[in-house]
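Report on the following structure.
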């Protein structure tokens, strides 16, 4: 039996993690975000009602679940308050269900200004960030000048620290990027207005998780973005600024690494990517348009159209290695309904003609890579909403089996629609 279960993306994000976390938290006592910020976009559909969460863990809709934002998350006070208000307007008592680590770095207005100024300065070489200040906030954390939630307990000292760090960043904004400075007093006033709300939710997360482990409570760790966007293991520099892999759980929450019991990798039945960066199986034809339209592939956070392509088992195998995956959840299988044939990338052909079955690390090394495909028959029958494996077409079952063979990991959950009920749980992670 696994008490501590990690749910993370195995591709470039947007795999459908939010729905699965929401589904599995029916048995959990706690749900923990351990990295990223409000650049995530987790969409839940419950009884036909759609909820998009960016910062608050997906377990917040569950009455008996406590949601926790761990120290690995960069926290925007304004984004958090906006999301809390939207949920409270729907009658969800967020403040009774949400806890924060005092070590969460804060994202403030100058981080957003820096993020956007840098992307503009990069021009054609822009990374494609969400423009929400995530990267600059992590930079401040590593440079040891960042402000954290815990700093808000001493408001006078916070004001002094804020002034010092803003002088540093405003100098850069004005003199290097040639944009307006960010107003110190406005930033201070905005944060002070909600400081007591934030500090009122602070808890020692590491100790809480250790006590939960000793009691045998079920805990879900919710990843954001995807493995191939990891700052170390992704397609650098076209990556996010945090560790999106299973290793980020320990550093981003304070859970001891030996206590992770099961790692569930969410894998979309095809591939998507938002923003710039390598994407060997990207499709520019009518099939790519079909996947985008049928899958409604537009970012929950930015609204940007996602790039689409065939499933890449080479990249997925890298995710298996890095995360020591216990099992997969296959999502959006129904999007492939109606295609005469489906393809899976099984290897890459390098510019010099070599065939390889592992991914490069640096983005430049991906240039000129050609995907080598295995083609399989598609299916005309609908898989949408199917809740039993026996109800799936034979061709769809063969597709599932081939993914398992190529990756060496069992598919324990199959999602056939956006609602939490449109799911087959073949093996429950908490029982594995």
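Glycine too: its Cβ is placed from the backbone N, Cα and C atoms.
What Swiss-Prot records for the IMP site is 14, 15, 16, 17, 39, 40, 41, 42, 144, 225, 240, 304, and among 129, 130, 287 the residue it adds there is 130. Counting other Cβ atoms within 10 Å of each Cβ, the lowest count among the binding-site residues 13, 16, 41, 303 belongs to 303. Candidate recorded positions: 42, 130, 302. Nearest to residue 416 (GTP binding site) by Cα distance: 42. Recorded residues residue 14 (IMP binding site) and residue 42 (active site, proton donor) have their alpha carbons 8 Å apart, per Cα-Cα distance.
When the Cα of residue 13 (GTP binding site) is compared against those of the recorded positions 42, 130, 225, 302, 306, the shortest separation belongs to 225. By the criterion of other Cβ atoms within 10 Å of the residue's own Cβ, the least surrounded of the binding-site residues 39, 130, 225, 302, 416 is 302.
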